[in-house]
Amino acid sequence: MNTSTAINFVAALVLCCLALSANALQIEPRSSWGAAAARSPSRIQGAVDYVIIHHSDNPNGCSTSEQCKRMIKNIQSDHKGRRNFSDIGYNFIVAGDGKVYEGRGFGLQGSHAPNYNRKSIGIVFIGNFERSAPSAQMLQNAKDLIELAKQRGYLKDNYTLFGHRQTKATSCPGDALYNEIKTWPHWRQN
């Protein structure tokens, strides 16, 4: 095997593994965490330009499915009640139990970043990530989710990644998580 063939083989193998990783991502449906029905959801047509990363600012996060589902349900109750959103604000939730949960899901407008809701996918990590970053599993799940959004046509290939603090005055997604996402390929300074 010559050098050129070997390089092509390795490149194909890497692309295959990335695709398999995103395809293997299991997204827990809204029904798994007992989501209440959304009030008048708004559809987004076509692929969006942005991914906005948040943290839920829950001090201890969650590590079991039971804890995570309870926290997600509480977030939805707060968003629909106190904040008067039509649903949980985020499109997806990355949890400490190793799972990704559907919030609003793909193709629906979130309520997570003013001026960006109609053109973004909002991903929240459950926990407070001021001082320490999420687990390697949580970070990989978010990356796989982003790749899946691109593969399914919900996110443009040349998307921009922001931390919530880049869209409004907030410390979200926490310093440690923000510093982590700044190393990801599509993060941009605004």
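The backbone N, Cα and C atoms fix where each Cβ goes, glycine too.
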Record TrEMBL, residue CYS62, disulfide partner from CYS17, CYS68: CYS68
Other CB atoms, at most 10 A from the CB of CYS68 (disulfide bond): 24
The domain 'Peptidoglycan recognition protein family' (25-168): DSSP-derived helix, strand, coil residue counts: 42 helix, 33 strand, 69 coil
CYS62 (disulfide bond), number of other Cβ atoms within 10 Å: 19
